[in-house]
Amino acid sequence: MRLPLPLLLLFGCRAILGSAGDRVSLSASAPTLDDEEKYSAHMPAHLRCDACRAVAFQMGQRLAKAEAKSHTPDASGLQELSESTYTDVLDQTCSQNWQSYGVHEVNQMKRLTGPGLSKGPEPRISVMISGGPWPNRLSKTCFHYLGEFGEDQIYEAYRQGQANLEALLCGGTHGPCSQEILAQREEL
């Protein structure tokens, strides 16, 4: 008997899938969250790199969408947004509901998951915990970057490419995705 994925998760995340000759057993369980992950108003330190990458992705997506609608090309023929427009777009990015993001566990390590975050091999099946404190934490993280760098600097980095935007927000020697910070995260 084959069950759709939501039913598999509902019935303990165990099922036998595949064709008649090649049966594969898959199982998944929800990540076990510690008190900080459950109750803190702030993004836990070990998830800040993922959160930063999610924010950079959403900013880039929304700015690109706004530029596609714009009718004001710059000297190179690309669409350039007015300051008031990109300020509004970035503010709306941070104010969105962030419901498509959550936390799951990969190789005994908790990671944020959602649009713009898949890097490396993903598990064949996993359980994501979304809602709860995660949308508010991502919104706060987004507004933190707006305050730290400002809309002008963020838009300028975006105009140089998505990689530059992510480097501005997440890189640097003390950024959440710096090698030093990631090494400390792995030690935990």
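Just so you know, glycine gets a Cβ as well, placed from its N, Cα and C.
Pulled from Swiss-Prot, these are the features on record:
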- 1-20: signal peptide (SIGNAL)
- Cys49-Cys177: disulfide bond (DISULFID)
- Cys52-Cys170: disulfide bond (DISULFID)
- Cys94-Cys142: disulfide bond (DISULFID)
- 185-188: motif 'Prevents secretion from ER' (MOTIF)
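Restricting the disulfide-bonded residues Cys94, Cys142, Cys170 to those with a CA within 10 Å of the CA of Cys49 (disulfide bond) leaves Cys170, listed by sequence position. In the structure shown, across all protein chains, Cys142 is the one of the disulfide-bonded residues Cys142, Cys170 with the greatest number of other Cβ atoms within 10 Å. Cys52 (disulfide bond) and Cys94 (disulfide bond) are 12 Å apart (CA-CA, integer value).
When pLDDT values are averaged over the motif 'Prevents secretion from ER' (185-188), the model yields 51. The closest partner of Cys142 (disulfide bond) among the disulfide-bonded residues, by CA position, is Cys52; the full candidate set was Cys52, Cys170, Cys177. A straight line from the CA of Cys177 (disulfide bond) to the CA of Cys170 (disulfide bond) spans 5 Å.
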